[in-house]
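Here is the structure we will look at.
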Amino acid sequence: MYSPQRKDFVSLTLGDQYSRSYTNGKHRRQSCWRKWKQLSRLQRSLILFLLAFLFICGILSYPSLTEQWRGLSDRSLKEDWVEMDNGGLRPIPPGLVPKIPPGVVPGFQDIPPEVMPEIQRPSIPLLPKPPAMRKPPSKRGPPVLQKRGNVSDWQVKDGEEEIVKRDEDGGKEAKTVISWRGAMIEAEQGTELQSTAHGKEGTVADAEKAASLKPVTVKAVDRVEAVREAFRHAWKGYKAFAWGHDELKPISKTHGEWFGLGLTLIDALDTMWILGLKDEFAEARKWVETELSFSKNVDVNLFESTIRILGGLLSTYHLTGDTLFLDKAKDIGFRLMPAFKTPSKIPYSDVNIGKGTAHPPRWTTDSTVAEVTSIQLEFRELSRLTQDPQYQNAVEEVTRQVHRLEGKRDGLVPMFINTNSGKFTRRGAFTLGARADSYYEYLLKQWLQGGKKETELLEDYLQAIEGVRKNLLRQTSPSKLTFVGELSNGHLNPKMDHLVCFLPGTLALGAHNGLPADHMDLALQLMETCHQMYAQMETGLSPEIAHFNLQSSNGRDIDVKPADRHNLLRPETVESLFYMYRFTKDSKYRDWGWDILQSFNKYTRVPSGGYTSIGNVRDPVNPAPRDKMESFFLGETLKYLFLLFSDDSELISLDKYIFNTEAHPLPIWPSTS
């Protein structure tokens, strides 16, 4: 029963207790302070040092402790959520990702049924990610059963619809997912496994039940049609947001300019013809006829405009017989000729195609060796078609000078050459990567283009390959992957650009044309290494540069530095896969190319149209899209993938055509030429 007197008594008692507690606490604080002051300065310093040390240890151990806590469950969105500061883009929080029905491959819901890929990732150990980005250790199972934390919102299509079909035979239900594009994937009956995607372990009964089920299977895939669909998707973005401009920025839905000459469109002309995309080719041709003009006051790079524009127009003329493209090729070829008006006849790097003037870069009078020695296929072919020798004479003068220059090392050339003196500069550095790569490629291909008659070209090529073996070739530890390093003042740097992955295909092409058989042996070894540069990355995509371990202490063959983790949708590996399959018919090369296409679709495909280069191949959660689709993705990468998967070996026969370094096929000259 309630009593006012009892209330007063309780209040008084509590107040007295509080007063005594406060007084005692105050005395205790004063006592502690007196004891602290009684300590010597040395004792106080030691105590403070010990406390600071414990605090620092706690800070350092915090990331690893929190990582272990996160592995226990997925109870919080904040634990798995990685913000993405790239144009306002953010990945989907894992907790918001819908449950994926069995048989459905994450990231492909917007691809039509005939091109739907079946994920068959190789069972190769991935490089571990940096500690701060490592996935929770409790996740298990193949990639298709793991959490879709790696799908960003720029890769997600809405409008998905899930339906349930009843099997005609047993009456059991099998789920099918239909996207807005009508993509359909059917799982086998009774194959819905208990996923451990979110770090949760199923019961023993669940595990036994799952073990007794058949593996998930997917409909057979038309890989050729998959490439066509990928091209159409990229073209859709280009047409919608960058029509007539050089490059597509697919995420921001805008365009970028380099020369202002429609690079992507011209680069893709022969790809569309080879893929049989008649409607897309017709609209591109109309733009070339009505809009493409080279009468512009603009500086262009001699090398890039030669391999992409001149090469693309010449190739399209040969494939179609349409003189529109030959006329445009004559126009741009003539406008590029002022580049050769130098004291040494080694061309300048830049030409103003409107004014008819040329100049070196602002910071140097040097040109790169690859640029001045990788324009010969195109200008020689232009002379053959026009019967005007000036183009061939200009580029062959460059070839003759480089052939007799001093400063080589066993056939290997430095990276720079001076346009005034005509001499190599910055000697001592040798690479098959950037600034030198296509020099070696064009030695072999000019020899083939001319009907195997120009022996100096063949001699330089054979000597260079021996120089690679002697100076640049090494093997990794522990897996003994063969790679091509770089030499700098006698010191080997175990670093290889993705660009070097052109070499397996070039070696195989030479062996196919009667060069030593050990060239093919080396091609096989290097092809495996280039494949591993993809397979050992978490996204299945290669970095721009890989560093190889000669004496590995961490059990890994390949390391990737943070600045080298980007992928630009480059073609060199799939180019070599195409050559290797054509010459060996080994289906593993097709499978490796298929893995690469799937990874492009999963990590670089933008729903509104187009594909984007990415900044971090080591992070599938946030691959850091760069919002740029290079023209060579349509001009080279998808073309080589299509030819790799095509069963028609006469489609661009390698006994009748050679590809320039931008994948534009040019004919091997008849013996009467």
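Quick reminder: no glycine exception, Cβ is built from N, Cα and C everywhere.
Record features (TrEMBL):
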type: TRANSMEM; residues: 45-65; note: transmembrane segment
type: REGION; residues: 124-147; note: region 'Disordered'
type: ACT_SITE; residues: E304; note: active site, proton donor
type: ACT_SITE; residues: D437; note: active site
type: DISULFID; residues: C501-C530; note: disulfide bond
type: ACT_SITE; residues: E544; note: active site, proton donor
type: ACT_SITE; residues: E572; note: active site
type: BINDING; residues: T661; note: Ca(2+) binding site
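In sequence order, H498, C501, P504, S542, E572, T573, S576 make up the list of same-chain residues 6 or more apart from C530 (disulfide bond) whose Cβ falls under 8 Å from its Cβ.
A distance of 19 Å separates the Cα atom of E544 (active site, proton donor) from that of E304 (active site, proton donor). In the shown protein chains, 24 other C-beta atoms lie within 10 A of the C-beta of E572 (active site). Contacts of E304 (active site, proton donor) defined by a Cβ separation under 8 A and a same-chain sequence distance of 6+ are given as W258, F259, in order along the sequence.
Around the Cβ of D437 (active site), a 10 Å sphere holds 23 further Cβ atoms from the protein chains shown. Between the residue listed as 'Ca(2+) binding site' and D437 (active site), the C-alpha separation comes to 10 Å. Note on the recorded positions C501, E544, T661: the fewest other CB atoms within 10 A surround the CB of E544.
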